[in-house]
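A.B. asks: Handing you this structure, nothing more for now.
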Amino acid sequence: MLVHSQRVHIYAYTRLLKHQLPLLSSFISSIFHCKSFAELIYQELFIIVGGNLGRRQHSTNNIYYTSSFVSKASQPERKTQIECNLLRFQQPSLNHHFKGIEGQERNRRYVVKAAPAPSFDSESHVSNPKSIFDSTKNFLSNIYFFCYPYSMIARTLGTISASLIAVQNVSDISPLFFIGLLQVLIPHFFMDLYINGVNQVFDIEIDKINKPYLPLPSGKLSYTTGVTIVASSAILSFWLSGIIGSWPLFWSLAICFTLWSGYSINLPLLRWKRFPQLVATFMFASWAYIFPITFYLHMQTFVFKRPAIFPRSLIVSIAFLSFYALGIALSKDIPDVEGDTKHGIHSFSARLGQKRVFWICVFLFEMAFGVGLVGSAISSSSTLIKIITGLGHVILGSILWNHTKNIDLTSPASTRSFYMYIWKVILLNIDYHLRSLVLSHYCNEMIV
């Protein structure tokens, strides 16, 4: 009989080997490439350690039973193994107890495997609506940053402002007017998406330095997705223009497409953004001339079927936008000097320095508000409108000048915030101009 301490040690050793022997079996199988041999060793060792030490019956049949896992195709090998077992392991063999232990282990494994797991299908049905919603929200958020919404909003308000110049009386603001306005807004929405997108598609490496938060350089949108959006936007824009049939609208889209494709696309004789004079010219021409004139002509000649004339309000608008658009064209590169310089784009900010270009831009913005102040005095016949419009330009010019005191020219984040701020100012100015035009038409109607 074994003393109590011996039983405790044997029990602990048995538990240890029960967990380690499966690994030993796998190791032996990998060495000898014989699964039966590994199982034989495993079972014989398990009988020695885990058997009931109180029973002392010897039986060669029992040993043969444990070695019967050897394949029938290797009878000599099996016989040799049995003999080795008889010589090496003349130990008590309790086959029935071993089988009971093995059955308990198998039952335990099967109970664990049979434990209910959460259904993948049920989870997918529950989580699918949320995942689809999140995916859609993320995609729309990426599109939002992909299309530079501030420029699209400014261009939309500019379209409304230029279209209102063609309005001669309050009765012109009718369903026909809004249909004509949508005929411009929708195709130009897709053209804006193309213009902003094609620049990002060819500027991924630069934007990884200057604007790593954008969808393409950050990896939130794939390159293939970006190209697909850009190409389909251009096609939709011209397709809608062809359906509408307005020549001013078509030429507006065609000129913008040509200028900004040449500005962005990295091909021989293109990539005009390397030349700062051309960049300033494109921005100046688009915002000061192409947009206001073509939008006005679309409404005047195509929608209202009137002859093309150029009123004073259109001339004042062009003069104001000439200075302001030039300032925007120069200031857009102030935060991007580092990335532009590394990739061989010699902007005015890289050549002249950020500080000098910054104050040139401020001067141009203030000149624009000065032109607006003078223009408001000559473009309206109503004294009230002259006062309201002139006061608005003075206030906006003062706000912009005061904001320049808070700009740190050594910080890209600060100069980028200034660039966004001047877009907000132009949005406020256009909105103010729209209200002034509507009020002017209303006052003229009341006088008549």
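In case you wondered, yes, glycine gets a Cβ from its N, Cα and C as well.
Here's the feature list from TrEMBL:
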TRANSMEM  143-167  transmembrane segment
TRANSMEM  173-195  transmembrane segment
TRANSMEM  221-241  transmembrane segment
TRANSMEM  247-266  transmembrane segment
TRANSMEM  278-297  transmembrane segment
TRANSMEM  309-330  transmembrane segment
TRANSMEM  357-378  transmembrane segment
TRANSMEM  384-401  transmembrane segment
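Tell me about the surroundings of these features in the structure.
C.D. replies: Residues 146-148, 151-152, 155-156, 159-160, 163, 167, 229-230, 233-234, 236-238, 240-241, 244, 246, 249, 252-253, 256-257, 260, 295, 298-299, 302-304, 441 of the same chain, all 6+ positions outside the transmembrane segment (173-195), place their C-beta atoms under 8 angstroms from a C-beta of that stretch.
Listed by sequence, the residues of this chain that lie at least six past the ends of the transmembrane segment (247-266) yet keep a Cβ under 8 A from its Cβ atoms are 183-184, 187-188, 191, 194-195, 198-199, 201-203, 234, 237-238, 241, 272-273, 278-279, 282, 285-286, 290-291, 294-295, 297-298, 301-302.
Cβ atoms under 8 Å from those of the transmembrane segment (309-330) belong to residues 158, 161-162, 165, 279-280, 282-284, 286-289, 292-293, 296, 300, 348-349, 357, 360-362, 364-365, 367-369, 371-372, 375-376, 378-380, 422-423, 426, 429, 433, 437 of the same chain, restricted to positions at least 6 beyond its ends.
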A.B. asks: With a Cβ cut-off under 8 Å, give me the same-chain residues at least six positions beyond the ends of the transmembrane segment (357-378) that come close to it.
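C.D. replies: Distant contacts of the transmembrane segment (357-378): 312, 315-317, 319-324, 326-328, 330-331, 333-334, 348-349, 385-386, 389-390, 393-394, 396-397, 400-401, 404, 407, 409, 415, 418, 422, 425, 429, 436.
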A.B. asks: Could you tell me what the rest of the chain brings near the transmembrane segment (143-167), counting residues at least six beyond its ends with Cβ under 8 Å?
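C.D. replies: That would be 173, 177, 180-181, 184-185, 188-189, 192-193, 196-197, 200, 213-216, 221, 226, 229, 287, 291-293, 295-296, 298-300, 303-304, 306, 311, 313-314, 317, 321, 420, 423-424, 426-427, 430-431, 433-434, 437-438, 441.
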